[in-house]
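*Asks:* Per TrEMBL, transmembrane segment is recorded for 12-32, 39-59, 95-113, 118-136, 148-167, 174-196, 232-262, 282-302.
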Amino acid sequence: MKSWQQIAKITRLHSLIASVLPFCLGLLFALFQYQTVNAINSVIFFLITCLMQIIVNLFDTYKDYKNALKYHLTQEEDGIFSKVKNATEARNLKLAIYGLTLVGALLALWLVLRTSPVILLLGLTGAAVGYLYSGGPHPIQNGPLGDVASGIIMGYIISLATVLINIQPRQFSWSIAGEMILVAGIAVCAITNISLANNLCDYDEDVKFHRFTSVSYLGKEGTLRFYAINYVIGYLCTFISICLGWLPWSTILVLLTIPLVIKNTRRFWQVQSKQKTFVLTIRNDIAITFAVVLSTIIYALFQV
């Protein structure tokens with residue numbers, strides 16, 4: 001039996017925070033613009049997004065184990081063996097992926113039956129990118145577009161889908177899709193930065209696995225600049241969304257996280273380490289998410 005610490009390490013449970021931010025932004029938008037939230041649809045969809053994140057993480061871990069064997073890396077050379085020690089554990093990991101995928105598919109089918117074909121289309125798009133991100137002969141995460149792809153799929157599509165499942169029976173409109181580009185901007189940028197921070201910290205390991213991420217193309221300094229600019233763009237998207245009336249006044253709380261994010265970004269700029277500073281990017285995401293949740297609660301209380 002694996003301990004909870006081992007399970008958390010294999011599944012990368014800390015990364016689930018990346019699903020919470022866009023989900024909360026979608027809820028806030030639906031509540032503010034349409035004064036409605038469908039609790040059942042929201043719970044089902046939130047479970048699906050968490051399962052997808054865990055499945056991608058497990059598949060990524062499985063691929064790392066296979067690559068470690070392929071390139072004849074040892075325990076001292078690569079930390080993947082602390083997650084998957086042998087072929088038996090690798091097989092169990094693969095079975096877990098299949099099992100969770102089945103559960104996710106059943107939940108997705110239930111949600112589609114409760115909503116509309118648009119949700120099916122968004123779900124299939126997310127699932128396809130989720131697989132291509134870690135799987136296939138040329139995984140997206142191994143190239144320069146992996147960071148942006150994860151940001152757009154998780155940040156934008158999760159936010160948009162959250163809105164659509166809550167405003168049923170209203171139909172999809174391009175105006176909603178357009179507005180969500182700005183509304184979800186902070187989520188897209190924050191999630192992109194989690195991926196950028198991960199690749200910056202894992203750069204040496206990625207080279208061993210012949211993974212040429214954005215860091216290989218932009219260089220560490222260029223990637224760090226991209227990382228910092230992303231936060232600026234994200235906060236600008238939120239500010240503009242408030243000014244245009246797409247988000248409630250309470251969302252101004254998100255802007256109050258700027259000093260903390262600046263402080264953490266400066267520290268991460270100095271040292272990029274999985275053990276020491278990667279958590280700073282996660283803390284940024286948690287702070288922004290907490291501000292969005294608090295904004296939603298405050299707005300809802302004023303509507304009572």
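A Cβ is built for glycine as well, from the same backbone N, Cα and C atoms used for every other residue.
Curation does not apply to TrEMBL; its annotations are automatic.
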*Asks:* May I ask which of the stretches 12-32, 39-59, 118-136, 174-196, 232-262 has the most CB pairs under 8 A with the transmembrane segment (282-302)?
*Replies:* 232-262
*Asks:* Select the range from 12-32, 148-167, 174-196, 232-262 that forms the most Cβ-Cβ pairs under 8 Å with the transmembrane segment (118-136).
*Replies:* 148-167
*Asks:* Mark yes when the transmembrane segment (12-32) and the transmembrane segment (174-196) have three or more Cβ pairs under 8 Å (sequence separation 6 or more) and no when they do not.
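*Replies:* These two stretches do touch.
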